[in-house]
């Protein structure tokens, strides 16, 4: 390390540094003290002992020196100085431990001593857990101890030595400060001059001071040593001033204190320059001024420790509390006047202090040298220039001018004078003058430039000194601004900390308040539900009392026979026990247990008369529930009975009905004794009582007759309904006043049946009945506008006319005659339940599962109102746009007697339909859509509607939307909601639907308090649903067992919460599932088919997941980008062509092949190398047979016509010329050229001779036989058949046809590149010319076209469509198996492009199919579905998931195949219900294709969780599905390689509109257009249910929060520190306590 020299001397310097400051005190009067001499001798003795040290002692010294050196180095590196260095702070002798920063410094720089490198190799120790790190270090220490036996002794001795060394240094510092204080006191005492009379007082004071008890420890710190010094006191006695030394506490009272002097000792170390060889680490980065000043010091002085012994600072405090230091003031004044100078420094970061005279002179000389260099560079060398406040290199800027500047001397060598005229007769003088004028202009321009440059330099210098003139003020202002800024930041930080503390305190308080609120809410809920259970049973019994009285008054034998009939007692034992328990509770005679089981004897053994006597006194206990029309005597008797009953049951306030449960002050207490009526009021009450009794008797008489026909009609269907209905019984009816309804109209006579009792009383097929439906109220009321009660219930009907619908007893109503069709048993029960809702003036929700016939039940209800109550309407039915036509067709089919108005069309058409609709019986039923009813809400609000029915009512789940508020204010008598999935997302939606059922005034009268307060409702029932899943599902199963009872797996608390919610919802909701109510319906079996990815799919999937962009996108957390990635992965799983279309392979076409460029050259070279000397036999007439085609006469004529004489004459002449010049040599140019000419002539002569020779040979040819003889002797050949030749030698067209199959089969590999001239090289020229000729005449086509195209363009094989996708491979096998067994399948997919691929797949395999997607029109959809259901020859129907869920009945199919799963499992469930519904006669098998080890397998797990929640909702769940409507990115992407980099972002797919928007943005452009067309119809419904939250209002008013006022006390009690004894503790705790005590406002 670079600090080795310093590290070795650190411990010695530490001791020297600690003792050097006391060197001045050791010498007194030039003599050395004995103490110092003794120390010197001790040090010399130590040096002598070094040589005799053992090995352990040497190692200990090395360790101590090294530790102290590292400690000092850390101090210098961290604080740039050792002014306040405490060696024990980071020493091993420190008991408080070593700082983590020091350990990090040692670790990073590897400043440690190593015993053995191999053993102490800790390179990988940081990657281990903490417990393994400790274990490894312990093992290392053990190995080192085993190897070095002296290690522990060396470490212990080094620690002791280091501790003694550090403590010794600190003790020397304390001794030194104490010695100085004593020395200063002695000097002051020697200078004391006092009269004799004051010396005695001084002596007395010193003596008293000597008896003063000691303060602090004997080994006290430096502060205590300073406090122990005697203080100098000046006493004034008249004119004499005496200075004495004593403690202030010992001063006598007869002295007056004039002033007090205190001495402040100097610091131990004052400057880092006092340490040898110390320099700053980075002079360039920081502390430049300090580094410069240190460099200015003499190098010789830096190698020694400078003795720094300043005199102590004396401070005087006068009587007027003025503190002064006169010596310090004089020193400062002397320094500023003589030694301090401020040089001019052109650096803003250098402060203007700490300059002595030498430093000033040094810096000034440097500045002078710098200015001289700048002057030389700027003015002499002209290499620099002053640009503002910067000195930069000079830039040469050429003047911009349009005039071309030329040098007259260099370019033209002269300046021509300008003269008028064409002639230039200028003389030498003219040229000289012109030259001088031009030169003068040049000098003038240069002079101007010099002037301008001088002005600029002067301006810059002036600006520079102006800036320097205000440098001090500017620096002072900057320092002031910095201080203000620091103060402001500090203030803001403190304020921010207090604000944070206040927020934390507020959060803590809110948590406490929320916890208290939850506790109160649970108590209130428990009390409410307990009282509700008691009073519901009480009202069940009280409803029978008026009937009992009527039976006792009426002695007709018919009624007695009916009541004595054994069928009246066919109800189950469970219901009788409940009735007995209710009566016992009201009478206060007996108690009942939690399950409602009675301890009394069974009422089955009692006769009717005995029962009348037994319950004769029941009226007094339940009178307040019946009517307020009673006499004063009856009220007194009721009051007395109530007083008697209150002593037995204090918890139940029967006089208030259900109002006592909800603490509703608006419900009046009519049963108290405080009511007093006048005479007129009593008379009016009696008249009303008589009138109601007469009307009740007439109604009883009329209903008794109708009950006979009802019973006869019920006997015909008894065989069908025997297995569907449980044991039935009819409790008697009674009426109530409209003012005291509360929840009475909702919960009247409602029985609370436990799960165990349901299993025992209801048939086996109704085991899970409580999972699907809710009870309804039994009491039937109709309140008129004047508050009178019309009793419409008939109590003389047989018990066979009363049935139990899911635990509630409702009246069996007759099937209306207007209804065309037959109702199934459970549909008849639904009609009874709906009729009871109307009779009780209660609204409800029919939440049957999709496919159970909610439409026909609604139509039967309207028909019942028309037939039985003569209520023809008008009724308003609001449905989605896509099913308006379906509703109209259902009305025409099942209830053609109604006038139906389908309200749709343009604004003009709708206005035309509204004309005259206020007339009576203009229409009975109005069917419209959500969108239109909101647009024309003013017209609909002006009309009074009998029933408002909302189909798909779960779409009004948002109570903040404009549509919800608009429909809430419609003028309707009753409301009915139809939904197949009442709870899709959260409990707020359920609250929204329930609140919608009870608008305006019904909220305070007919609803519990919890319904009106969303916060309480959420707090009671809206707990997270993950607890249910933890207990009910393993979460990894592929299939959900819907028949498994989920409640059995819940814990007690969860089961209780579900039971509470059931009790609150039971009057409003009726829900049945197909598997429970429709026993003739076949079973439904679901199969998960895992499909392996094909090789191409796996390659694309892994390639996409391994892309850096994909990892970056998933890790970024951007919502749309993540969805886009997930969509791409789903496309790969569905089919790789959706992600990347298999390309059409084409070859690269080259105009010429590579060999063609050098083929001709190659042939020529080959010909030259293979050239052989050959003899032409034909030219020499040696080819005997070559002349047989010639005639004799032709040969003779040829010989005669031969003319060789001209050639021979020319040859002879050339011979003569050549002979003359044969031996002549060239002697000159002429002879040379003549010789060249003779050589040419000789060559010509040789050619002519060769021509003559060849001509003679050719003309002398003669045949042996001749052509005539050969023709004469030739005989014609026999004509053989050409069939073998034609068989093997085909024509061109025949060869093309024969090779087509070979080309088709074996042309499978497309080359990467093809050459267009290959056919020219392979096909002979003759053949090519013949083909071209025939092609030009259109005789044949190009025979090579197919081979060329087949090789150059390769289209994907159609069979690859199946083999590229694992799902299609599975689908091919599955369809082959299904069609062979006669099954028909529905194939659902989410993506529109998958439908196109499925069409190609079905066409390849030859299956007949039909297609339906979002682009199919509404009128065509019905035709397609009917055609498919009628024609069994069509085995496959492919549909879009969204279009398949919109009012389609496809019972002709018995198999459902989900090619891909929808994000929302509710959509898949709707698709299943299109096949598994009423009319299906075969078992339905559902196959769900899932690509294994992909995103789809993760999606199906989440979908299964939500589907299991569907088994829990409404009956067994905690009614919040937000957990399942959201997906986690990390859960979906199961790739472990990038799982750590992905942000665990939650993706919400709970809303269909949100889902559609996200998918539309994530898909490709082509697929987006196709999906938009496919989802066109869904978009219309989405427009109907589009939420508008801009003008949203809060659904519930939060409860006010109580705030406790801060309690303050008077006097000092408000400021008592209550934490004084325990201590402040952490600052955060102190701030919280400070705020909680109310001091922080």
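Note: Cβ is positioned from N, Cα and C throughout, glycine not excepted.
Source: prediction; values computed, not measured.
Per Swiss-Prot, the feature ATP binding site maps to 848, 849, 850, 851, 852, 853, 854, 855; the stated evidence is sequence analysis. Cβ neighbour count for residue 852 (ATP binding site) (all protein chains, 10 Å cutoff from its Cβ): 26. For the recorded site, residue 852 (ATP binding site), the DSSP three-state label reads coil.
Residues annotated as coiled coil in Swiss-Prot: 461-521.
Taken from Swiss-Prot, the feature compositional bias 'Polar residues' applies to 12-44 (among others).
According to Swiss-Prot, the compositional bias 'Polar residues' annotation covers 184-214 (among others).
Feature annotation from Swiss-Prot assigns compositional bias 'Basic and acidic residues' to 215-226 (among others).
The compositional bias 'Low complexity' annotation in Swiss-Prot covers 555-571 (among others).
Summarising the annotation, Swiss-Prot assigns compositional bias 'Acidic residues' to 572-581 (among others).
As annotated by Swiss-Prot, compositional bias 'Basic and acidic residues' applies to 590-600 (among others).
Swiss-Prot lists 639-652 (among others) with the feature compositional bias 'Acidic residues'.
The compositional bias 'Low complexity' annotation in Swiss-Prot covers 701-711 (among others).
Swiss-Prot lists 712-723 (among others) with the feature compositional bias 'Acidic residues'.
According to Swiss-Prot, the compositional bias 'Polar residues' annotation covers 727-752 (among others).
If you look up Swiss-Prot, you'll see 1591-1605 (among others) marked as compositional bias 'Low complexity'.
Confidence annotation: the domain 'HSA' (416-488) carries a mean pLDDT of 86 in the model. If you look up Swiss-Prot, you'll see 416-488 marked as domain 'HSA', on the strength of sequence analysis.
Feature annotation from Swiss-Prot assigns domain 'Helicase ATP-binding' to 835-1000; the stated evidence is sequence analysis.
If you look up Swiss-Prot, you'll see 1367-1520 marked as domain 'Helicase C-terminal'.
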Cβ neighbour count within 10 Å of residue 853 (ATP binding site): 21
Counting across all protein chains present, how many other Cβ atoms fall within 10 Å of the Cβ of residue 854 (ATP binding site)? 21
Applying a 10 Å Cβ distance cut-off over all chains shown, what neighbour count does residue 849 (ATP binding site) have? 22
What are the helix, strand and coil residue counts for the domain 'HSA' (416-488) according to DSSP? 60 helix, 0 strand, 13 coil
